[in-house]
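What TrEMBL records for this protein:
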{"type": "TRANSMEM", "residues": "57-75", "note": "transmembrane segment"}
{"type": "REGION", "residues": "106-144", "note": "region 'Disordered'"}
{"type": "REGION", "residues": "187-217", "note": "region 'Disordered'"}
{"type": "COMPBIAS", "residues": "200-217", "note": "compositional bias 'Basic and acidic residues'"}
{"type": "ACT_SITE", "residues": "GLU305", "note": "active site, proton donor"}
{"type": "ACT_SITE", "residues": "ASP438", "note": "active site"}
{"type": "DISULFID", "residues": "CYS502-CYS531", "note": "disulfide bond"}
{"type": "ACT_SITE", "residues": "GLU545", "note": "active site, proton donor"}
{"type": "ACT_SITE", "residues": "GLU574", "note": "active site"}
{"type": "BINDING", "residues": "THR663", "note": "Ca(2+) binding site"}
Amino acid sequence: MYSGPAASAAGPPRRDFISVTLGPEEAVGAGGYNNSKAWRRRSCWRKWKQLSRLQRSVILFLFAFLAVCGVTSYTNMGEAWKSLTDKSLDDQRTKQEIPGLKLANPAVLPAPQKVDANHGDYPELSPQKPPKPPHVRRSPSNLQIKAPWRDTRLKTHHDTIRAVEEPVQADKEEKTEKYIISWRGAMIEPDQSTEPPSSKIKETEKPLSVEGEDQKEPVPLNERQRAVIEAFRHAWRGYRDFAWGHDELKPLSKSYSEWFGLGLTLIDALDTMWILGLKEEFEEARKWVANDLVFDKNVDVNLFESTIRILGGLLSTYHLSGDSLFLEKAKDIGNRLMPAFKTPSKIPYSDVNIGRGTAHPPRWTSDSTVAEVTSIQLEFRELSRLTGDEKFQKAVDEVMKHVHTLSGKNDGLVPMFINTNSGQFTHLGVYTLGARADSYYEYLLKQWIQGGKKENELLEDYMRAIEGVKKHLLQKSEPKRLTFVGELAHGHFSAKMDHLVCFLPGTLALGVHNGLPVDHMKLAEALIETCYQMYAQVETGLSPEIVHFNLHAQKGHKDVEIKPADRHNLLRPETVESLFYMYRFTGDKKYQDWGWEILQNFNKYTRVPTGGYTSINNVQNPSNPEPRDKMESFFLGETLKYMFLLFSDDTDLINLDKYIFNTEAHPLPIWVPA
């Protein structure tokens with residue numbers, strides 16, 4: 001209590017108290033408060049009895065429910081931890097080196113036959129009658145690449161097209177295979193092995209011809225495939241007329257843009273033209289490669305982009321055509337990219353001057369992105385296998401082994417940046433499957449498949465990462481309960497998902513096809529539905545670059561929200577890519593129908609009448625999508641290629657037991673022992 005000024009003047013301060021005593025009858029009998037335990041118990045019981053029977057039942061039910069959830073969560077977390085720390089994978093496998101690796105598909109695709117040109121306006125196309133689900137073959141004992149283009153002609157009401165030839169008959173008898181327990185009980189087939197190429201350069205192996213082999217009944221092109229061919233021709237005509245030999249077409253201004261000055265669009269599209277059977281266009285592009293593609297230029301190129309687009313495109317075209325020109329060009333660019341690996345940590349720099357033989361990080365940092373340094377392995381490993389020069393594979397394998405040992409991961413999820421000097425992750429605590437990290441996860445699985453399913457560290461890192469995605473990044477939206485992959489920043493979850501993440505459903509399905517847990521396919525099915533909705537819930541039917549999902553139901557709101565800075569569309573391939581894998585492995589025709597919708601919307605909102613397609617700035621404005629005047633090279637190299645394969649009824653057209661696609665959709669062969 002405050003004693004006032006007089007008390008302060010009288011002497012040292014003292015404490016004054018007021019004591020109030022209540023008699024028993026007043027304190028308790030009259031309903032007062034004495035703070036005794038007995039009184040508190042009686043008070044709580046009195047309030048409990050004052051509740052209605054319904055209220056008491058609800059409270060008791062909630063307490064029981066929380067108790068059950070607690071016990072269940074404790075049990076599941078214990079099992080997950082036990083699985084993650086289980087070392088049986090390494091104990092049950094033996095690392096064997098089998099000499100003399102060769103292609104899983106020693107044959108080449110014979111030269112495509114010419115498809116009659118039709119340069120008119122885009123025709124009205126009726127919906128295709130759904131074909132019979134493809135028969136999916138698993139792990140054939142004798143892998144041979146098919147020859148898709150024959151001389152058989154099929155008459156249509158517009159033009160004459162070439163038939164598609166079925167592949168060499170695989171052996172009907174399944175050879176006995178041994179299985180081992182892999183990750184979380186998955187049955188993995190140890191039927192192939194990886195071996196570093198000999199350090200001695202050997203004579204280049206040329207793919208063998210399949211002429212004379214038994215062939216299946218030719219499979220004709222269907223209406224949707226012909227629509228893809230027409231779209232490709234329209235895009236190619238714009239490039240040929242206004243940007244020939246340059247990196248990218250600017251279709252509105254009828255000009256071009258340069259990035260590296262190496263004809264990116266042309267090289268990216270080579271294997272697409274071969275697969276689509278566009279012989280005339282292919283031959284013209286080949287002449288440019290032979291006469292005009294020169295890498296001895298004083299120009300900086302991005303290691304990642306030039307590897308996946310140029311090196312990958314040249315290697316793929318070599319395997320499909322058997323033309324050594326493309327292998328020679330691949331060796332040239334491969335050697336010129338090697339200075340990037342001359343760093344203190346062996347983590348490559350992001351940029352290389354291919355004329356001067358020097359490399360450097362970006363001007364603003366000494367970091368490289370994790371996706372870029374871990375998504376060049378398929379191409380360099382294959383270059384070593386073809387040339388016999390182990391330096392290419394050794395350089396990229398060192399990167400993967402180093403990343404495997406690094407700290408800073410979160411249940412298999414990796415940060416986005418890595419320092420080229422220290423070799424350590426930087427910008428810790430941020431985890432995404434979008435830009436700067438996406439293809440790291442893709443290439444873990446694909447390297448394991450490419451090398452014959454024997455590189456255990458790659459499989460372990462992939463499986464841990466998928467468990468990390470499930471644990472930290474998966475959520476469901478409202479109101480449709482769409483499963484999506486968000487981001488984690490320093491413990492805070494963001495409901496943001498890049499369109500780039502839509503590679504994941506296809507990758508998960510590919511893993512299941514190669515023996516990984518079946519529950520990965522369930523997740524793939526849920527995620528591809530989400531990726532489709534990223535198109536279907538938008539006014540133009542085209543996905544934006546980034547979406548944010550609603551976590552709480554709101555009246556009048558969809559699952560997908562789009563911010564003004566994110567509403568552009570770059571003609572990206574990731575959703576179509578996953579649709580291709582899902583249809584190839586399930587035979588569900590809805591995936592073809594979804595892809596058909598996307599193609600129609602590309603034609604409606606991005607097609608430029610004078611030739612080419614353009615990325616757009618606003619997918620939410622059908623009346624004015626605001627074209628950006630740029631056609632990315634991957635539209636021809638990836639998007640239309642995956643469209644064509646998605647609509648194909650021929651499961652052996654780029655057989656997924658023989659080929660693995662790099663992250664730019666260039667198919668490279670799967671290795672098998674001699």
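The backbone N, Cα and C atoms fix where each Cβ goes, and this holds for glycine too.
Under 8 Å from some Cβ of the transmembrane segment (57-75) lie the Cβ atoms of residues 51, all in the same chain and six or more residues away from its ends. Residues near GLU545 (active site, proton donor) in space but far in sequence (CB under 8 A, at least 6 apart, same chain), listed by position: ASP498, HIS499, ASP566, ARG567, HIS568, ASN569, LEU570, ARG572.
In this structure the C-alpha atoms belonging to CYS502 (disulfide bond) and GLU574 (active site) are separated by 5 Å. The shortest Cα-Cα distance between GLU574 (active site) and any of the recorded positions GLU305, ASP438, CYS531 is the one to CYS531. Ranked by how many other Cβ atoms sit within 10 Å of their Cβ, the active-site residues GLU305, ASP438, GLU574 place GLU305 at the bottom.
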